[in-house]
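A.B. asks: Dropping the structure in here first, questions after.
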Amino acid sequence: MTDLNSLTIAEARDTLRKGDATALDLTEACLTAIEGAGALNAFVHKTPDIARAMAQAADARIKAGDATSLTGIPLGIKDVFCVKGVPSQAASRILEGFRPEYESTVTQNLWNAGAVLLGKLNQDEFAMGSANESSCYGPAVNPWKVDDRQLTPGGSSGGSAAAVAADLCLAATGTDTGGSIRQPAAFTGIVGLKPTYGRVSRWGVIAYASSLDQAGPMTKTVRDAAIMLGAMASVDPQDSTSAEHPVPDYEAALTGDIRGKRIGIPREYRVDGMPAEIDALWQKGAEMLREAGAEIVEISLPHTKYALPAYYVIAPAEASSNLARYDGVRYGRRARLGQGDGIVEMYEKTRAEGFGPEVQRRVMIGTYVLSAGFYDAYYNRARKVRALIKRDFDQAFADGIDAILAPTTPSAAFGLRSVDSSDPVQMYLNDVFTVTLNLAGLPGIAVPVGLDKQGLPLGLQLFGRPFEEGDLLNHALVLERAAGFVAKPDRWW
Amino acid sequence: MSITEDQARKVAHLARIAVDDAALPALARELNGILHFMEQLNEVDVTGVEPMTGVTPMRLKRREDVVTTGEMADKILSNAPDAREGLFAVPKVVE
């Protein structure tokens, strides 16, 4: 029998229903896997006692015939989600010791469905990063390895990606502000779904950039993403941007039939210096969808090139405002003060020692672009460009395109600390294919499609129409089946 | 536009982040690199375009202007670095 921790959610659901294993068995298998995977640095706060208690409650629920698709399913939760009584610090020193007095809507929805909390997962500090290197816990490590180098699992949801790829949990939550679910999913050979802005509540998710942040599932299969999104999504009065759309049955949308659908291939995503392998994979993906009966159409999204600079104005601007709350007064860390220090010194010293370099940089850039004299030149201009980027997508969908196919990342996973840290823009370039979607608020899903010549996973992403995640997942299912990606990392940890 | 060391000092202060004078040249250089990258946005013709404020064209939700929660001072103070007598405590504020 397969190790229980390597099951998908759908397989585990069947196993539990048939009584071939208990939720507690499943949880114990994951806890053992986590104990043996310290080298991956994926789980940063482990909650084995809570996990066992939740698994026992799930077993009682299964016995009583009151199970949902997620009852008894052990999950990892990105550190950015507030979980009552459990450290939740978004991988920042400034939230050291913070234990929320309340539960995020997403995690509450998951617990209501009967899911089991294994612990909190590593990430970039405040979800700012593309390599998981800005974490106060040190980087999570990619379970994929082809030589002596340790590779990044991507960021910011790097711990989530590493944990799912290494079978430490059945699935995990992530958040995606500029690609933070899809890029790490691509780097680790798993599925990552960023829902439409407003589909999943942001209540209790430690904020980075409020007009872009969206939580979503990171799973082993497309079907699991459908199951998990169904549990995570809700209409939430606690989040003023939560959309008033009922949550459909996403799994029921997985028919595997995309005949007659029109798939757009945006020519602007063929960027200079893109590795030939990625271009070839993209063409192969388009061919797979064509063979499944879809029509492949070249489209233009003319403002694509400006998404990255627009994002790196808007996201830091929002971050500088959101992160103003970390002042050493209400929660987390306060710096040790010198004789005669007043409140301003307290703020400045607390934030200097509590925030890492990348967070400091983004807060300062955000402060600058919002400051008098620069607001119009940078911030307002970026918001206008954002409107144009969204208009590009609106136009494509109005022309009858059902989904858009693009690469997820410009490369496979790279070595940890291999990007020059004195040139932050180099790291930002990783997000070139993913940020457009956040700016437009659309749903997107990364699907593993193949291995590169070194043997590392590469993925493609599909973009869908707003609030049509079911249709998007169905396209992704077809791609997943045609690609037949089954590779797993060899265990070295 | 480019950021001088003086401006970097001012931005750091506005952001309430202490930066050593010795670190200012590197900070100014990094910020300039990022701002230079952003200047690509100047190539775009944005005449007549309204700045985008939110993803979905919707009016923010309204609710009755009534108290819906409260009476939880202990919970609110439970994570404070320094709380006394039901209040957050801070260093002296008087100028």
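Any Cβ shown, glycine's included, is placed from N, Cα and C.
Keep in mind that what you see is a predicted model, and the values were worked out from it rather than measured.
Annotations per TrEMBL:
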ACT_SITE  A:K78  active site, charge relay system
ACT_SITE  A:S156  active site, charge relay system
ACT_SITE  A:S180  active site, acyl-ester intermediate
DOMAIN    A:25-473  domain 'Amidase'
A.B. asks: I need the CA-to-CA distance for A:S180 (active site, acyl-ester intermediate) versus A:S156 (active site, charge relay system), whole Å please.
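C.D. replies: So the Cα of A:S156 (active site, charge relay system) lies 5 Å away from that of A:S180 (active site, acyl-ester intermediate).
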A.B. asks: Let me check the 10 A CB neighbour count of A:S180 (active site, acyl-ester intermediate). How many other CB atoms are there?
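C.D. replies: Taking all protein chains shown, A:S180 (active site, acyl-ester intermediate) has 37 Cβ neighbours within 10 Å.
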A.B. asks: Quick one: average pLDDT across the domain 'Amidase' (A:25-473), no decimals.
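C.D. replies: The answer is 96, the mean pLDDT of the model over that range.
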A.B. asks: Between the Cα atoms of A:S156 (active site, charge relay system) and A:K78 (active site, charge relay system), what distance do you get, rounded to the nearest Å?
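C.D. replies: Roughly 10 Å, rounded to the nearest whole number.
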A.B. asks: In sequence order, which residues at least six apart in the same chain have a CB under 8 Å from the CB of A:K78 (active site, charge relay system)?
C.D. replies: A:K120, A:L121, A:Q123, A:S157, A:G159, A:S160, A:A172, A:T173, A:G174, A:T175
A.B. asks: Across all the protein chains here, work out how many other Cβ atoms are within 10 Å of the Cβ of A:S156 (active site, charge relay system).
C.D. replies: 36
A.B. asks: Check the DSSP secondary structure of A:K78 (active site, charge relay system), expressed as helix, strand or coil.
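C.D. replies: The residue in question, A:K78 (active site, charge relay system), is strand (DSSP, three-state).
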